[in-house]
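Over in TrEMBL, the protein carries these features:
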BINDING   Asn10, Ser11, Gly12, Lys13, Thr14, Thr15  ATP binding site
DOMAIN    284-367  domain 'TGS'
Amino acid sequence: MRLAIIGLSNSGKTTVFNALTRQNIETTIYPTVTGEPNYGIVKVPDYRVDKLAEIYKPKKVTYATVEYVDYIGLTKGDITQNRKVFDLIKDVDAIVHVIRAFEDDAVLHPMNEVNPMRDIEILELELIFGDLELAEKRLARMEEGAKKGKKPNEAEKRLLLKCKDALEKEIPLRNVSFDNEEQKVMKHLQFVSIKPEVVVLNVGEKDLNTEKEKKLLSDVDAYFRAKNQDPSLITRHASLSLCGKVEMEIAQLNPDEARAFLDDLGIQEPALNKLIQVSYDLLGLISFLTCGEDEVRAWTIKKGINAQQAAGKIHSDIERGFIRAEVINFDDFISVGSMSLARDKGLLRLEGKTYEVKDGDIINFRFNV
Ligand SMILES: Nc1ncnc2c1ncn2[C@@H]1O[C@H](COP(=O)(O)OP(=O)(O)OP(=O)(O)O)[C@@H](O)[C@H]1O
């Protein structure tokens with residue numbers, strides 16, 4: 001799973017990226033307009049993996065991971081520059097949209113003043129304009145082809161017209177419902193406004209845990225709710241606030257120092273953990289767990305997949321030779337503390353191929369190859 005961090009220049013994208021990936025890429029008070037994208041793999045914090053590792057003391061502990069990519073900012077009205085960003089993010093699973101809400105005169109703002117709601121609108125529109133350009137170009141190419149006698153792909157044409165119509169009304173494609181056929185055609189079209197989106201309000205340190213922060217966040221939620229007029233659509237948007245600068249400082253500390261720092265600020269855990277979790281949920285992902293003396297591990301799967309498909313995540317042989325899955329949910333396991341006790345108490349279930357795997361299931365696959 002890969003997420004792209006996007007936003008206007010100087011909104012704090014690299015700061016958030018550094019905090020997430022514990023890297024130290026240079027952040028500047030000037031916009032970055034060239035350079036290579038930054039990539040980083042991030043462990044998905046999971047208290048269940050921590051707890052199982054404590055119990056099993058395995059040789060290896062493996063968390064689920066997500067990858068983030070950070071690149072240059074989007075610019076109002078600059079389609080050529082923005083296309084560079086869209087080309088990079090066309091294959092990502094979701095976008096993290098960083099909005100500047102912190103005040104600092106030393107950090108240049110591309111619109112000269114801090115105004116988060118205006119910036120959200122600008123950025124959302126740039127995504128829409130980028131997609132509109134793409135739809136129009138493809139339709140024009142189809143028309144050219146038709147003139148030369150080439151038969152257009154009717155399904156794609158219908159879909160492009162539907163997208164164009166929505167985009168012209170300034171509706172992002174994530175807020176349009178597409179049937180299964182349309183979704184299939186959509187796969188190779190590389191639109192960006194269709195991607196699930198996590199909005200991160202990057203507030204100043206002094207605004208953390210204040211009414212101002214709460215109000216801003218509820219304004220952001222209201223903005224996206226108002227945009228999504230089809231209640232049958234699954235939510236493809238989530239928002240949260242954090243202070244990128246503080247998060248980056250915490251990420252550079254050792255665990256004890258970080259704990260003391262968080263206690264000082266009256267925060268339970270870094271907001272980044274929530275960001276990672278929210279991204280995971282938004283993509284409809286869950287984790288199942290495997291444990292033993294060799295390894296305790298979290299595996300990422302899509303919500304709704306069955307035990308046999310989940311087995312395929314580990315190895316195609318296990319999927320092919322699947323016999324049964326021995327399953328216990330993490331909470332039940334913890335209530336007794338060991339697999340043998342769980343078995344004695346009948347908490348360990350034997351499930352077949354079609355069992356729908358739940359978040360936090362600890363699974364032992366029985367298979368035969
Ligand atoms: N929450 C915050 N509070 C105060 N300063 C911040 C905050 N977040 C980021 N900054 C500062 O803002 C400046 C710009 O940050 P950063 O380089 O991360 O932005 P960016 O969006 O990656 O910029 P660009 O892509 O245009 O280079 C840096 O000086 C950074 O320290």
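Cβ atoms here come from the backbone N, Cα and C positions, even for glycine.
Nobody curates TrEMBL annotations by hand; they come from automatic prediction.
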Asn10, Ser11, Gly12, Lys13, Thr14, Thr15 excluded, remaining Cβ within 8 Å of their centroid (ATP): Gly7, Ser9, Val16, Thr27, Gly73, Val98, Arg100, Asn202, Gly244
Counts of helix, strand and coil residues, the domain 'TGS' (284-367), according to DSSP: 26 helix, 34 strand, 24 coil
For Gly12 (ATP binding site), nearby residues of its own chain (Cβ under 8 Å, 6 or more apart in sequence): Thr27, Val98, Arg100, Phe102, Asn202, Gly244, Lys245
Listed in sequence order, residues with CB under 8 A of Lys13 (ATP binding site) and six or more positions away: Ile5, Ile6, Gly7, Asp70, Tyr71, Gly73, Val98
For Thr14 (ATP binding site): intrachain residues, at least 6 apart, with Cβ closer than 8 Å: Ile25, Glu26, Thr27, Thr32, Asn38, Asp70
Candidates Asn10, Ser11, Thr15: member of the binding-site residues with the richest Cβ shell (10 Å): Ser11
Segment confidence, the domain 'TGS' (284-367), expressed as mean pLDDT: 95
